[in-house]
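A.B. asks: Could you have a look at this structure, given as structure tokens, before my questions?
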Amino acid sequence: MQKVEQELKKRVLVIDGAMGSLLQASGVFKKGMCPELINLETPDAIEDVHRQYIEAGADIIETNSFGGNFFKLKQYGLEDKLYEINYQAAAIAKKAMGDKGFVAGSIGPTGKMIKTEGELSLEEAVKRFSEQAKALKDGGVDLFIVETMFDLWEAKAALMGIRQVCDLPVICQLTYQENGRTLTGTDPKSHVITLEGTGAFAVGTNCSLGAKEMIPIVKEIRKNSSVYVSAVPNAGLPILVDGKTVFPMKPDEFCACAKDMLKAGVNIIGGCCGTTPEFIKALRKTVDEHEKINNFRKSTFSLCSRTKGFFLDEIGFFLIGERLNPTARKKLTKALNENDLSLYMDEAKKQELAGANVIDVNVGAPGIDEKLMLPEAISFVQGAIECPISIDSSTPDAIKESLKITDGKPLVNSVNGKEKTLELLLPDIARHGSSAICLLVDEDGIPDTLEKRIAIIDRILKRAKEYNIHEKNLIFDCLALAVAAEPYGPKIALDTIRYLNERGYPTLMGISNVSYGLPTRKYINSAFLTMCMGAGLKASIGNPVSPTFMVNLKAGKFLLGNDHEGKEYLEFAKDLKKEKVVKIKKTDKRDIEKNGSKSSLYKAVLEGNSARLDDIIIDRLIEEEPMQLIKKHLIPAINEVGLRYDRQEYYLPQLIAGAQVMKKAFEILKPKMMENDTKHDIYGKVMLATVEGDVHDIGKNIVKVMLENFGFDVVDLGKDVKTNLLIERLKEEKPDVLGLSALMTTTMTEMEKIISLVRENNIDVKIMVGGAVVDQEYADKIGADAYGEDAMDAVRKAKKILGVDISGGEK
């Protein structure tokens, strides 16, 4: 047991507060410089800040290495000093702390998005985080803190990178918005399930919101977590006073919020932006007066996507939708051979709407390279649904590649008792923190006795333990043999379910095999499903679109107490009209053309599906001109994507995916328009820039993509743009709108200077501001014409201030 865990078993630990503001006050940090370079140039200043927090009562101090990853350092030309900077950060903190407490190696975001939405692969991200982790470990850190992550994938990559280096404890913190989700749509439950599965020592949240606003998020994290929970809030939300950024919350107000978090069962608590040694001193006193609360969730089987998850003990039983399997489904095989995955997306959505909790994805068909096709199919499917994915293949390499792109905590279908299979798959299942279906089969085939099945169960459990795979991540498939061929097959399966249920292990089964070769199979399947559920079965692979199957499943859950007050069953009964007809959901009228058929082009943008986009456009051009395609299909589609984003039906990944399809469609249409001597309407020129001293540009880049796809000509000056250069370019380019971005409280004041200079130089341009630290009040105060809250809001504001309507025509 690590020393930090020994202390946490006794008491709540206090983390230090903000570093940057104290360095700025001391005069060593200048605008535009790399904060981590101070580790080498003025190490005494860093040590002094650490000592102030130690004296204030911090148990854990964080290294000055938040931006010490390869990509952040490269922005300053310091990537070759990565090891030295991070090693020194740890050494300085260790020297200051001594044996009085613990040093946490701080690891922050790269500023890039992990594929499939971004330009950075998972393996590259893991490699870069691993480099930073090694330097921090060598410098002497006691634990790590992965913090201020808005993307679940990046947090997972950082954790995986650390795990390649050592087994020191890791705290994993995401940053949340006011809607209770991260920028990419992750909720606290999915956050916890994913990062616990990947091996986080503690999960939590930091930055983003003020202490008061963070309380409900912390409570949700604590409610869902079986590991330690951390909370590191800001001192309120920043405001501008006399040209300076100020966090308005006082230490006593901060501590009042901390009390609510402590009552919820937080184990590690500290301060982020705006907090000082004064805050930590007050927090220390609050923690010491508080009785430690143990409020851990019971560890149980769980699965999640990026945006939605479940615990088995909460829902009692779950259904895996089986329809995405090309075996005996000619339409799916044809779609795979034509590389048209839109049918996979449609089938996945249909199953989710019909009640599937998990969607199984299989591409095993003749002539299909599963290693290439399975990850691609999963990418399309998970962009269309919210529920978790089951990665289904008998090809280990296909599963390994798919784990690299599957969101959240997926289910691997499957491993078995064969030693070769266990050796090939268990290391990757452990590394990615996924769950797995365990087939009770080995080199001798499917056992025909319970005793032989128990031997396989014990072998799988033993090998999983060797790879540090927790038992809660395994579910056993009890494999019912066809009763027509093996009369005792169903009984052995039922005995296996009961045996595993008594040992506390969840079980799963594909029911339909039991009736193979018999007439009226659905009645045998229904009877056997009921028997299995009564024996303790916890999941089934089945067809959620089958009324007979679903009515038995819903009734079984109700009778076994897994459907509180029968709500699921009663809702299903209302929709049940005929034996073969289930009212799933009326087709959305927004997706329908006048002639009653779905516009494949409109649908491609709406779903972020670029498969066969060239063919779709070529077919459309037979009947319509390029500009008609843009106005009747593309613009209405991207407008709908924006509306769904605003309603929080879509999140950033879907927004970006739709924009990327739109961009590709424009690229295909551009030569056709030139042939016809027509031009796509340009609604105005927008110049974008991240202000001087600020090297963050991921938000600005998303705004750029959206503006371009809505018909604006965009000039992007990049990040850390010198103010005098910006003024010169404004005079040269003469844009209609200037968009300014700032992510740091230390750089947001540059916006006011730019606006003043624009007015002094009589430059005729409308100014829109945005960024994580900016709000409407600040925009009004500095005289901006508009405030863009996010990428879609920036598009709306650009349209509004230019008085243009780009809503498009009929679909």
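The backbone N, Cα and C atoms fix where each Cβ goes, glycine too.
These came from TrEMBL, pasted as-is:
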{"type": "DOMAIN", "residues": "1-287", "note": "domain 'Hcy-binding'"}
{"type": "BINDING", "residues": "Cys207, Cys272, Cys273", "note": "Zn(2+) binding site"}
{"type": "DOMAIN", "residues": "317-574", "note": "domain 'Pterin-binding'"}
{"type": "DOMAIN", "residues": "588-681", "note": "domain 'B12-binding N-terminal'"}
{"type": "DOMAIN", "residues": "683-811", "note": "domain 'B12-binding'"}
A.B. asks: Per residue, counting other C-beta atoms within 10 angstroms of the C-beta, which of the binding-site residues Cys207, Cys272 reaches the highest number?
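C.D. replies: Most Cβ neighbours within 10 Å: Cys272.
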A.B. asks: Same-chain residues six or more away whose CB lies under 8 A from the CB of Cys273 (Zn(2+) binding site)?
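C.D. replies: Cys273 (Zn(2+) binding site) has long-range Cβ partners Ala18, Ser21, Cys207, Asn234, Ala235, Pro238, Phe247, Thr745.
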A.B. asks: Averaged over the domain 'Pterin-binding' (317-574), what pLDDT does the predicted model reach?
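C.D. replies: Taking every residue of the domain 'Pterin-binding' (317-574) together, the mean pLDDT is 94.
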A.B. asks: Work out the three-state DSSP category of Cys273 (Zn(2+) binding site).
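C.D. replies: Reduced to three states, the DSSP call for Cys273 (Zn(2+) binding site) is coil.
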A.B. asks: Just to be sure I understand, if DSSP states are collapsed into helix, strand and coil, how many residues of the domain 'B12-binding N-terminal' (588-681) fall in each?
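C.D. replies: Counts, helix then strand then coil: 65 helix, 2 strand, 27 coil.
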A.B. asks: With DSSP, how much of the domain 'B12-binding' (683-811) is helix, how much strand and how much coil, in residues?
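C.D. replies: Counting residues per DSSP class in the domain 'B12-binding' (683-811), I get 53 helix, 24 strand, 52 coil.
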A.B. asks: May I have the list of same-chain residues other than Cys207, Cys272, Cys273 whose Cβ is within 8 Å of the Cβ centroid of the recorded Zn(2+) site, in sequence order?
C.D. replies: Ala18, Thr148, Asn206, Ser208, Val232, Pro233, Asn234, Gly271, Gly274, Thr275
